[in-house]
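Peer 1: Take a look at the following structure, please.
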Amino acid sequence: MRDVMPKWADVVLIPLISLVLAFLLSAVVIIAIGEDPVAAVKMMVTGALGSTYAWGYTLYYATNFIFTGLAVAVAFHAKLFNIGGEGQATLGGLGVALVCLALPWPHWTLALPAAVIGAALFGAAWAAIPAWLQAKRGSHIVITTIMFNFIGAAVLNYLLVNVMRPVGSMDPATAKFPNGTHLPTLHDLLAPFGIAFSRAAPANISFLIAVAACILVYLLIWRTRLGYEIRAQGHSEPAAIYAGIRPVRIVMAAMLISGALAGLMAVNNVMGEAERLVLNSVEGAGFIGIAVALMGRSHPFGVFLAAILFGFLYQGGAELALWTDIPRELIVVIQALVILFTGALDNMVRMPLERLFLGLRKGRA
Amino acid sequence: MDFATILQVLDSTVRLATPLLLACLAGLFSERAGIFDIGLEGKMLFAAFFSAATAAVTGSVWLGLLAGIVSSMVLAGIHGLASITFRGNQLISGVAINFLAAGLTVVIAQDWFSQGGRTPSLLGGARFNPITLPFAETLQPVPILGPVYHDLISGHTIPVYFAFAMVPFTWWLLFRTRFGLRLRAVGDSPEALDTAGVSVVATRYAAVAICGVLCGIAGAYLATALQAGFVKDMTAGRGYIALAALIFAKWRPWYALSATLLFGLLQAVALRYQNIDLGGIVVPVQVMDALPYILTVVILAGFVGRAIPPRAGGEPYVKER
């Protein structure tokens with residue numbers, strides 16, 4: 001059954017058909033609430049891609065989704081479903097805030113590496129307990145990571161309300177980070193090259209870190225021994241054990257890397273945009289990572305493309321909500337349909353396609 | 001803390017435990033049949049919206065309940081299609097269903113009522129109203145037992161009594177009937193059931209359908225009894241707490257009752273007191289919020305009584321050729 005279809009069909013055709021199905025159903029939803037889907041798409045394209053300001057927001061959201069998408073993808077390679085990106089990114093934000101508020105940072109070039117380490121460490125730490133419980137005690141990682149999302153939210157709520165809130169402030173948020181932690185935006189980065197980019201958009205240098213993370217994850221999964229072991233474990237645990245691979249070590253490694261990647265998202269949204277830590281700063285990006293990883297077939301390049309697509313949907317959806325009666329939640333519906341078709345109903349698309357390719361092959365022979 | 005306060009807290013425990021109990025039993029049917037369901041939250045939310053919307057338009061809470069059950073069963077059908085017919089990943093399907101409900105309810109609510117993703121407030125016959133059990137007033141002067149009967153046992157809405165009655169019924173259905181035996185068998189070893197000539201697919205669909213009905217009632221209770229109308233994301237993680245309770249209960253009906261009552265008590269206490277002072281040590285409200293999840297992780301870790309899920313849980317069944 002495995003080689004019924006050529007590889008390009010598996011990698012490109014199936015996600016594409018699933019995406020078209022998801023978009024068609026979304027169009028039906030738009031028509032059902034009495035709006036014009038064509039006009040809606042036009043408005044989304046203008047609002048998300050029509051100017052450097054729009055691109056700045058699209059890339060800002062995409063940066064978040066690259067990190068959370070990579071996080072889910074790395075865990076998928078070890079056949080682990082890390083649904084806890086939300087909590088790990090929340091804790092990553094705590095790491096970033098602690099780093100940024102600890103010292104009067106003189107310049108962002110010093111603050112950024114420290115914040116990256118803080119975010120990755122805290123994100124990984126939040127994935128460590130579910131990973132250990134899965135590896136050693138066999139507790140189902142999906143359930144424990146869901147639980148840790150809620151525990152993480154409660155921890156942050158407690159810290160922001162009772163500990164980290166500046167004296168005299170009613171807002172459950174930390175103080176503003178010192179000026180030395182201000183990350184350069186794409187405007188600052190592109191200006192020396194004579195490229196005019198919107199000053200107001202939040203896209204910042206974290207986007208480059210996200211791209212670097214894509215490349216590093218690619219190298220890790222397909223060019224290192226650990227990556228090979230992770231994939232071997234994902235394909236067949238008994239075979240991996242027979243080959244001398246220790247499952248406990250692989251589960252821990254995959255989940256720690258996954259948690260660190262999810263935590264890194266905080267460099268973008270906490271340090272790069274808000275410049276202070278607020279309640280619910282992740283805003284569901286951890287869950288969007290699931291859709292992004294599924295669409296991108298757990299490959300870093302696929303994750304990158306899918307993250308840009310979701311960045312477009314997110315920014316376009318915000319524009320729709322601003323100018324029409326279509327609420328922002330339409331994007332949640334599209335996201336749900338993408339997860340449903342590319343993840344759960346994969347066989348619905350795959351089975352007829354396999355039959356088609358089988359027929360073609362027989363016809364040729 | 002005096003007796004009247006304790007009664008009030010326990011009374012609100014019962015109200016808050018009811019949706020958890022219904023959703024927990026719903027998950028119990030599904031997972032005992034080998035279908036993991038993290039879409040309890042989404043099904044409840046969907047049912048909450050459609051029951052409130054129908055009740056608001058028709059003025060009848062019973063039509064609302066029906067709409068809630070039907071809408072929840074539609075989502076259950078999608079879950080069944082994805083995880084039984086197309087043998088997809090049940091966890092991913094559950095995640096998708098949760099998002100589908102979170103998005104669609106607000107989009108449709110905005111389109112129908114234009115009130116920022118909520119339904120109009122429900123009044124009178126559009127809500128489940130408390131019913132007074134016989135002799136509640138007469139017996140009230142009796143010390144201790146009188147107030148307990150009057151305040152705690154009497155004066156709830158119909159879904160509350162239904163939920164508590166479902167516990168022994170679920171036990172009887174699962175452990176004393178042929179259907180229950182088959183349902184449990186399909187979750188532990190579907191190949192045995194297949195060998196015996198019973199349809200694995202049909203049994204699993206039946207379990208998923210029951211799950212849909214119970215989630216529907218849970219959602220309708222939230223929007224038409226506990227509160228008066230639908231608001232965005234009104235389930236607020238209850239589906240996940242029910243999931244936690246299910247693990248806490250080790251997939252057994254009577255344990256499910258005690259687990260959901262415990263988690264309901266935690267919610268009731270967190271609702272009434274912000275921070276609790278235990279003789280010098282102040283327990284912040286966030287600890288009460290997180291306690292169900294922490295307890296579940298501890299149980300899952302297997303340090304205190306190991307929770308072992310149904311053996312074939314989460315695995316699609318492929319007939320041998």
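Cβ coordinates come from backbone N, Cα and C, glycine included.
What TrEMBL records for this protein is below:
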type	residues	note
TRANSMEM	A:12-34	transmembrane segment
TRANSMEM	A:54-76	transmembrane segment
TRANSMEM	A:88-105	transmembrane segment
TRANSMEM	A:111-129	transmembrane segment
TRANSMEM	A:141-161	transmembrane segment
TRANSMEM	A:200-221	transmembrane segment
TRANSMEM	A:250-271	transmembrane segment
TRANSMEM	A:303-324	transmembrane segment
TRANSMEM	A:330-349	transmembrane segment
Peer 1: Counting Cβ pairs closer than 8 Å, which of A:88-105, A:111-129, A:250-271, A:303-324, A:330-349 has the most of them with the transmembrane segment (A:12-34)?
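Peer 2: Between the candidates A:88-105, A:111-129, A:250-271, A:303-324, A:330-349, the best contact partner of the transmembrane segment (A:12-34) is A:330-349.
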Peer 1: So which of A:141-161, A:250-271, A:303-324 has the most C-beta pairs under 8 Å when paired with the transmembrane segment (A:88-105)?
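Peer 2: Going through each listed stretch, the top one turns out to be A:250-271.
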Peer 1: Counting Cβ pairs under 8 Å to the transmembrane segment (A:303-324), which of A:111-129, A:141-161, A:200-221, A:250-271 comes out on top?
Peer 2: A:200-221
Peer 1: Among A:111-129, A:141-161, A:200-221, A:330-349, which stretch has the highest count of C-beta pairs below 8 Å with the transmembrane segment (A:250-271)?
Peer 2: A:111-129
Peer 1: Looking only at the recorded stretches A:54-76, A:111-129, A:200-221, A:330-349, which one has the largest tally of CB-CB distances under 8 Å to the transmembrane segment (A:141-161)?
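Peer 2: The stretch with the most contacts is A:111-129.
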